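J.: This is the structure I want to talk about, given as structure tokens.
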Amino acid sequence: KVFERCELARTLKELGLDGYKGVSLANWLCLTKWESSYNTKATNYNPGSESTDYGIFQINSKWWCDDGKTPNAVDGCHVACSELMENNIDKAVTCAKQIVREQGITAWVAWKSHCRGHDVSSYVEGCTL
């Protein structure tokens, strides 16, 4: 599923991400825009670690989810990577919360590259929240 921007903003707010660990809703929108273009089915393979990033938050199979093929995987969120690509993003959000609790928002490279230090208010502009 490819979310429309304001639809995703509303969904993330309902699931408790607005202000979670001090991260604003606009920052989560910026992160997901640059990680996956709001697409729950996004995947990206990382040849170096032989791991794959999954779903709207691009959660990595080396550390956070189990895809059954990543060497020495940790599965920190105790979730199948396939579950992070469901149209229902509850499990993906639960895992993203764990990542931000343990490592902070800087765990996401796209956030550091595209969102940190930028005015991200436009990501929620015009949305009825």
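Heads up, the Cβ atoms here are built off N, Cα and C, so glycines get one too.
Below, the features straight out of Swiss-Prot:
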DOMAIN    1-129  domain 'C-type lysozyme'
DISULFID  Cys6-Cys127  disulfide bond
DISULFID  Cys30-Cys115  disulfide bond
ACT_SITE  Glu35  active site
ACT_SITE  Asp53  active site
DISULFID  Cys65-Cys81  disulfide bond
DISULFID  Cys77-Cys95  disulfide bond
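Walk me through the surroundings of each of these features.
T.: The local packing around Cys127 (disulfide bond), expressed as other Cβ atoms within 10 Å of its Cβ over all shown chains, amounts to 17. Look at Cys127 (disulfide bond): DSSP puts it in coil.
Within 10 Å of the C-beta of Cys115 (disulfide bond) we count 22 further C-beta atoms, all protein chains included.
Of all Cβ atoms in the protein chains displayed, 22 besides its own lie within 10 Å of the Cβ of Glu35 (active site). Taken residue by residue with DSSP, Glu35 (active site) is part of a helix.
When secondary structure is read from DSSP and collapsed to three states, Asp53 (active site) falls in the strand class.
For Cys65 (disulfide bond), the number of other Cβ atoms no farther than 10 Å from its own Cβ, over all displayed protein chains, is 30.
Every protein chain shown contributes to the tally, and the Cβ of Cys77 (disulfide bond) ends up with 22 other Cβ atoms within 10 Å.
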J.: How big is the gap, in Å, between the Cα of Cys81 (disulfide bond) and that of Asp53 (active site), rounded to a whole number?
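T.: Here the two Cα atoms lie 9 Å apart.
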J.: Roughly how many Å separate the Cα of Cys77 (disulfide bond) from that of Cys30 (disulfide bond), to the nearest whole number?
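T.: Cα-Cα distance, Cys77 (disulfide bond) to Cys30 (disulfide bond): 23 Å.
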J.: How big is the Cα-to-Cα gap, in Å, between Cys95 (disulfide bond) and Asp53 (active site)?
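T.: Cα of Cys95 (disulfide bond) to Cα of Asp53 (active site) measures 13 Å after rounding.
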